[in-house]
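Here's the structure we're looking at; comments come further down.
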Amino acid sequence: MQTTQQNAPLKRTMKTRHLIMLSLGGVIGTGLFFNTGYIISTTGAAGTLLAYLIGALVVWLVMQCLGELSVAMPETGAFHVYAARYLGPATGYTVAWLYWLTWTVALGSSFTAAGFCMQYWFPQVPVWVWCVVFCAIIFGLNVISTRFFAEGEFWFSLVKVVTIIAFIILGGAAIFGFIPMQDGSPAPGLSNITAEGWFPHGGLPILMTMVAVNFAFSGTELIGIAAGETENPRKVIPVAIRTTIARLIIFFIGTVFVLAALIPMQQVGVEKSPFVLVFEKVGIPYAADIFNFVILTAILSAANSGLYASGRMLWSLSNERTLPACFARVTKNGVPLTALSVSMLGGVLALFSSVVAPDTVFVALSAISGFAVVAVWLSICASHFVFRRRHLQQGKALSELHYRAPWYPLVPVLGFVLCLVACVGLAFDPAQRIALWCGLPFVALCYGAYFLTQPRNAKQEPEHVAE
């Protein structure tokens with residue numbers, strides 16, 4: 001049995017390639033492979049492309065804010081630490097629990113999605129059986145060591161990146177007739193994109209699905225979580241942010257274009273990945289089986305990143321003395337075992353969603369995760385706004401910041417407003433409205449819990465300035 005150490009620091013073992021692939025691995029998973037079908041069926045092809053373009057803009061704005069903060073203050077559990085310092089300790093506490101909720105709920109939806117993938121080959125085996133199997137695998141990967149986790153995630157993510165590139169190339173060839181359709185029908189060209197009109201249900205569905213789009217992009221902010229375990233963060237983090245954003249925009253927009261062009265909006269949902277539907281339409285032998293396996297790998301990789309993130313958030317809360325000290329204990333390999341074990345309980349959500357109408361519960365779980373991650377993004381933009389303002393008020397030069405978000409204050413303000421608009425969009429979608437009914441009370445509960453449990457003399461977080 002591994003020994004545990006009280007309040008021991010986490011180890012800085014991640015390199016640039018680990019950080020880039022960790023972020024990509026967290027993003028390329030359940031949201032892209034399954035929720036894209038829901039968005040196409042709701043908004044139409046052109047509406048989906050527009051929604052993802054807006055989502056890409058939001059990600060760019062948030063990551064610029066996070067880049068400046070995490071280079072100035074590279075810490076594990078970055079978001080809630082920044083929020084505590086610049087927005088108030090109660091807000092920091094709430095942000096931490098929101099982000100923990102984001103990834104534990106995402107764990108449940110990821111395991112459910114993985115179960116759907118396995119049912120493609122084994123339709124007689126219940127989804128919950130696969131949930132149990134994958135829970136054990138993901139937990140095992142996380143408890144060995146941080147370096148082992150990072151190496152595993154690097155190769156998982158590399159498989160996904162190569163596959164997405166291949167999908168865009170093959171799908172593009174099928175769109176324009178270079179690869180024949182399996183049923184002998186002519187190449188669709190751009191007909192599916194324009195068949196129902198540019199916006200068949202108007203503009204409101206785009207607003208309604210923005211949280212689902214943001215859920216698909218969630219994971220980019222893992223760069224901030226891993227900053228405290230990264231070698232030379234001042235050099236590594238800016239490179240990772242620039243590289244990750246560029247690749248995500250290319251991968252997501254290219255992938256959504258191929259999906260929207262090849263699948264009519266009436267044929268997509270969440271029971272089967274639209275990616276598998278595409279390769280069933282294209283006459284490539286065994287391509288659907290191969291890609292189903294890749295999707296399975298991608299989803300488990302995203303779950304792997306999610307357990308890492310949620311475990312580190314509990315460790316950080318304990319390290320800041322807002323959770324019992326047991327959560328800050330780490331093994332001799334620097335792994336917060338107790339924090340990981342508690343976070344793994346999110347896998348129970350997968351069992352629930354696989355039993356109770358996975359068609360609707362899965363969408364609701366994604367919406368709750370989407371609400372939570374957008375709320376965290378709100379805090380990142382607000383924290384950056386206050387951080388830069390105080391930096392200037394203290395008479396410090398901008399040149400002292402080794403990574404600077406451009407166009408201040410436009411970037412944090414616009415990022416905050418767009419995230420807020422996405423949350424408002426939930427109120428207009430009955431299928432996702434549950435995110436507000438669950439998310440807002442959860443926020444109130446966190447604030448109440450903070451003021452009830454934290455000593456009065458600990459409620460003022462000392463301000464830290466960037467060195």
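Glycine is treated like the rest: Cβ placed from N, Cα and C.
Given the structure is predicted, the values throughout are model-derived calculations rather than measurements.
Taken from Swiss-Prot as is:
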- 20-40: transmembrane segment (TRANSMEM)
- 43-63: transmembrane segment (TRANSMEM)
- 96-116: transmembrane segment (TRANSMEM)
- 125-145: transmembrane segment (TRANSMEM)
- 161-181: transmembrane segment (TRANSMEM)
- 206-226: transmembrane segment (TRANSMEM)
- 245-265: transmembrane segment (TRANSMEM)
- 282-302: transmembrane segment (TRANSMEM)
- 337-357: transmembrane segment (TRANSMEM)
- 361-381: transmembrane segment (TRANSMEM)
- 408-428: transmembrane segment (TRANSMEM)
- 434-454: transmembrane segment (TRANSMEM)
Worksheet item: Same chain, outside the transmembrane segment (408-428) by at least 6, Cβ under 8 Å from its Cβ: which residues?
Response: 54, 57-58, 61-62, 64-65, 204, 207-211, 213-214, 367, 370-371, 374-375, 377-378, 380-382, 384-385, 388-389, 435-436
Worksheet item: So which of 43-63, 96-116, 161-181, 245-265 has the most C-beta pairs under 8 Å when paired with the transmembrane segment (434-454)?
Response: 96-116
Item to complete: State, in range form, which of 96-116, 161-181, 206-226, 245-265, 282-302 has the highest count of Cβ pairs under 8 Å to the transmembrane segment (43-63).
Response: 206-226
Worksheet item: Which residues, given as numbers and ranges, are at least 6 beyond the ends of the transmembrane segment (282-302) yet have a Cβ under 8 Å from it?
Response: 25-30, 33, 106, 110, 113-114, 117-118, 120-121, 134, 137-138, 153, 156-157, 159-160, 163, 167, 170-171, 174, 179-182, 219, 262, 273, 275-276
